[in-house]
Amino acid sequence: MPAMPSSGPGDTSSSAAEREEDRKDGEEQEEPRGKEERQEPSTTARKVGRPGRKRKHPPVESGDTPKDPAVISKSPSMAQDSGASELLPNGDLEKRSEPQPEEGSPAGGQKGGAPAEGEGAAETLPEASRAVENGCCTPKEGRGAPAEAGKEQKETNIESMKMEGSRGRLRGGLGWESSLRQRPMPRLTFQAGDPYYISKRKRDEWLARWKREAEKKAKVIAGMNAVEENQGPGESQKVEEASPPAVQQPTDPASPTVATTPEPVGSDAGDKNATKAGDDEPEYEDGRGFGIGELVWGKLRGFSWWPGRIVSWWMTGRSRAAEGTRWVMWFGDGKFSVVCVEKLMPLSSFCSAFHQATYNKQPMYRKAIYEVLQVASSRAGKLFPVCHDSDESDTAKAVEVQNKPMIEWALGGFQPSGPKGLEPPEEEKNPYKEVYTDMWVEPEAAAYAPPPPAKKPRKSTAEKPKVKEIIDERTRERLVYEVRQKCRNIEDICISCGSLNVTLEHPLFVGGMCQNCKNCFLECAYQYDDDGYQSYCTICCGGREVLMCGNNNCCRCFCVECVDLLVGPGAAQAAIKEDPWNCYMCGHKGTYGLLRRREDWPSRLQMFFANNHDQEFDPPKVYPPVPAEKRKPIRVLSLFDGIATGLLVLKDLGIQVDRYIASEVCEDSITVGMVRHQGKIMYVGDVRSVTQKHIQEWGPFDLVIGGSPCNDLSIVNPARKGLYEGTGRLFFEFYRLLHDARPKEGDDRPFFWLFENVVAMGVSDKRDISRFLESNPVMIDAKEVSAAHRARYFWGNLPGMNRPLASTVNDKLELQECLEHGRIAKFSKVRTITTRSNSIKQGKDQHFPVFMNEKEDILWCTEMERVFGFPVHYTDVSNMSRLARQRLLGRSWSVPVIRHLFAPLKEYFACV
């Protein structure tokens, strides 16, 4: 899930040009917020010395990301980004060594990439070099450090070690004696997503302990004051000199930060930590505004302005923020960052900071906006209607509905109270009181639920949702290392993300898959970019830098991270140098390192989509075949009819059609249907104008078919509105008329229906459609019976919908079979043909698919008609242009697929 960045900006005194660049990054670059990007807010794409054939320009160029000639920059919507080479805070590349598990060692490159205490000092090294051992950064001895600085730091470390007690360690033998960086303490980190859950009991214990320590310290200070009054000035001075000052590690705003939760520690260490927490030194008193509890917008390089709340340093479990910086808790995922005040704006600047494009594209951003406006409306006393829903998908959609009036209120200036009403209440300004309770509630409640009432019944532990598993790229690296060492079975881990919550096997490669990655795979497996290649990695459904297969008939991509991790270090560079490079699905070998292709992957992939149902429905009613002498002509209601593919197939099968009622609004489609079927179609206009009375008048119907527009359902469209807005709502018109056309109770005549839509739709939309239709879909790809890729979901009760798709002798399976004389196909199959003209171009180099007269050429209209299975010149009416005819074909069904689905109807209706 896209996530918020948690690393602070690099320099509080950046130049005007840099700030302008940051502003442009937020407005123009719409990168999904992946996990590794939170570690590396300004990650540069890896460079390769040799210009490769896998060149692909990203759709949006970042101002701080140089072009990569051999790898491709991708930005997935819920994908995890894991950089193959990570950047240190000072911009130096980390050097990888073999990962070696080390219990409790902090991952320097974990989500948020926070340095442990004392790491801020590493910023003084201009050329720091570290070796990564299972995510643990180890400084090289004396590397790039001036001798004087090393000596001074050594003295400071000795002094600090005296004060730290149980926390201090003797440094020797491992290069720590000359290091500028203190040994970091083990930290319990958590990842982007729902805020870390802390029970009320544990929170109360921590608060009580902090209060006790504060009282102890007050008594000690009072006792010391009493002693000083009785002692002379000389003795008092000796007492002061006897205790060296405690070393406070400042938090460098340039250092990446990680959201951490204070760990319960031993009593000794706890006393010392609590003493630090009780420090009375005022916080954020530099006169630059943005006090504790204020709602703000924060800006990090490469990301849009994001809403957050100023919090005290003790909330983060880290050290104090340096002067001129603030600790910010980001709404949406509950992570923390240090941000300089120049990169902060009050929430009242909503009009200038809110970014509509990011809101449309990123669920995490929508969630963040919802949460901050909930807090703002609560402070301002502004009431909004609350939607209560049962499951997660309903809740998310209710949030969408509730967000609209709140955003309008914010864009209007938070009236009537204005910015004054957004100020934090007095109790929130005191960091040592029990505040921010909404941050510690259960993850689901913190994400979506409205503010709870003051008193509510105590929930049982059984009712509390589970905290999500803590995983990141370091987790996957560690588990893969254990697999290499024969300590773990690869089938027991999710090879996509590293989770141990495996629910099924990966359909293509040996290894497991978790539920979250399954949902991503369902959405992204058939999502293609403009170049015809998959939008995301075949293994993890993510990846920012991908390698594209050199086989013209393959459209798969593999990200650099998965290749280097599973195949072996350096495998990505070797693939870049190989030209052409056949991917791991096309190669002759079946095994590449730990990446082993399943021998039966085609059937597994089919079963993956056939059995991907998280809802169970009663099987559809089965109608026995009708005796031949009792069969009657079929009566059809076709909604969103297009160019009458249904009628064409029924005629091809020899089924007699008594009545064919079609709802269609496209004039060109209506013209084709009228001309090609000699006026046998009764067109009834817009589907929204058809009423139950019309259904009774035109019926009864034996078959209802349709496929609503996919524009607002397809995840390829970043501005999609979903199932409940825009053209997505037309599905409910199909559902309404299907309900009206069903036989009345007691009428046992055969009644069939079919609904079609894209595979690349959101999991929640697919689940909602299935819930309304009380049926799970079947996925059918036209590439099995035609010369084009065209994967679609089909819901319905037609007999044998799940049977294998088999081609006939008349099906044209190769592009060459569809071409006119003298034309040569450069590809055996073309990618999905859509309404866009550039969908005809193929491959990463955007080649035309046909070669004629020693030149490349596009597909002719007659050839496209053959690809779809239509008769030649089927759309050649009323002097339509080539582009207009392609639009009609791009919205149509594949004739061989519909023939496959309609064939069993011959057992129920009269045939010619």
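Every residue, even glycine, has its Cβ placed from backbone N, Cα and C.
Under the heading region 'Disordered', Swiss-Prot lists 1-178 (among others).
The compositional bias 'Basic residues' annotation in Swiss-Prot covers 47-57.
Annotation comment: Swiss-Prot describes 74-83 (among others) as compositional bias 'Polar residues'.
The compositional bias 'Low complexity' feature in Swiss-Prot is assigned to 113-128.
Look at Swiss-Prot and you will find R171 tagged as omega-N-methylarginine, backed by similarity to another entry.
The region 'Interaction with DNMT1 and DNMT3B' feature in Swiss-Prot is assigned to 199-403; the stated evidence is experimental evidence.
What Swiss-Prot lists as region 'Disordered' is 221-286 (among others).
Summarising the annotation, Swiss-Prot assigns compositional bias 'Polar residues' to 246-260 (among others).
Look at the domain 'PWWP' (292-350): DSSP puts its residues at 11 helix, 25 strand, 23 coil. Here Swiss-Prot flags 292-350 as domain 'PWWP', drawing on sequence analysis.
Under the heading region 'Disordered', Swiss-Prot lists 447-466 (among others).
Broken down with DSSP, the zinc finger (493-523) shows 9 helix, 9 strand, 13 coil. What Swiss-Prot records for 493-523 (among others) is zinc finger, and it gives sequence analysis as the kind of evidence.
The feature region 'Interaction with the PRC2/EED-EZH2 complex' is assigned by Swiss-Prot to 494-586, with similarity to another entry given as support.
Annotated zinc finger per Swiss-Prot: 534-590 (among others), in sequence order, evidence recorded as sequence analysis. Across the zinc finger (534-590), DSSP assigns 15 helix, 8 strand, 34 coil.
Summarising the annotation, Swiss-Prot assigns S-adenosyl-L-methionine binding site to D641, G642, I643, A644, T645, E664, D686, V687, R688, R891, S892, W893 and lists experimental evidence as the type of evidence. Secondary structure from DSSP puts D686 (S-adenosyl-L-methionine binding site) in coil. Less than 8 angstroms from the CB of D686 (S-adenosyl-L-methionine binding site) sit S663, V665, each of them six or more residues away in the same chain.
Residues or ranges marked as S-methylcysteine by Swiss-Prot on the basis of similarity to another entry: C710. Counting every protein chain shown, the number of other Cβ atoms lying within 10 Å of the Cβ of C710 (S-methylcysteine) is 21.
Across the structure, S892 (S-adenosyl-L-methionine binding site) and C710 (S-methylcysteine) place their CA atoms 12 angstrom apart. Distance from the CA of C710 (S-methylcysteine) to the CA of R688 (S-adenosyl-L-methionine binding site) is 17 Å. Straight-line distance linking the Cα atoms of T645 (S-adenosyl-L-methionine binding site) and C710 (S-methylcysteine), rounded to a whole number, equals 17 Å. Under the three-state DSSP scheme, T645 (S-adenosyl-L-methionine binding site) falls in the helix class.
Under 8 Å, Cβ to Cβ, and six or more positions away along its own chain, D641 (S-adenosyl-L-methionine binding site) finds A662, S663, E664, S669, G673, I681, Y683, G706.
Distance between Cα atoms for C710 (S-methylcysteine) and I643 (S-adenosyl-L-methionine binding site): 17 Å, as a whole number.
Cβ-based neighbour count (10 Å, all protein chains) for S892 (S-adenosyl-L-methionine binding site) stands at 26. Within the same chain, residues at least 6 positions away in sequence whose Cβ sits under 8 Å from that of I643 (S-adenosyl-L-methionine binding site) are S669, V672, G673, R676, F870, Y874, T875, L888, L889, S892.
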